[in-house]
Amino acid sequence: KQFLVGKDFNIKLEIKPRVLSGVLLAIHGERDYLVLELDYGVLSAKISSGKGSLVNSFVKPVPSSWCDGNWHSVSLSKYKHVVQLGVDSDFSSPTAGDKKKQTLIRSKHPLYIGGHPTLNAPGIDAKKQFVGCIRLISLNNADEPLNLKGAVGNVTLNACPLN
């Protein structure tokens with residue numbers, strides 16, 4: 001089955017990180033990729049199709065507040081050539097790419113959650129697997145969250161231990 005990031009795309013998830021750096025999700029094709037990661041407390045989204053790319057970042061006023069023991073809602077929205085990140089009830093400034101360059105991504109590779117088997121893959125700056133918990137992942141405003149079978153890294157899906 002092929003994974004497609006079309007002209008319009010969004011993904012929502014909740015995270016409870018235990019460290020400030022790690023890949024939240026990633027997919028790579030031949031020249032295409034989508035990466036959502038925390039890198040020293042900065043949430044970044046990178047989308048590249050080989051023809052065009054989009055990058056957006058969200059900086060919390062206190063980066064260590066990611067690891068406050070609470071769940072944080074994260075959203076990545078792409079509308080044509082514009083990308084924006086949301087965290088809890090705050091949003092990054094939208095980033096616009098070149099209107100003439102498509103940022104469509106097609107891949108037969110899996111969507112990795114919580115890390116990536118190759119941390120030196122294009123677009124990955126964190127160079128670490130995510131450590132923490134992830135739940136309620138939904139694509140394109142689906143009513144039902146994704147049914148996930150596994151994750152890469154030290155991540156617990158859909159539940160979180162108390163310690």
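Heads up, the Cβ atoms here are built off N, Cα and C, so glycines get one too.
The feature domain 'Laminin G' is assigned by TrEMBL to 1-160.
The secondary structure of C133 (disulfide bond), as reduced to three states from DSSP, is extended strand. Taken from TrEMBL, the feature disulfide bond covers C133-C160.
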Give the mean pLDDT for the domain 'Laminin G' (1-160) on the 0 to 100 scale.
86
Measure from the Cβ of C160 (disulfide bond) and count the other Cβ atoms within 10 Å, all protein chains considered.
18
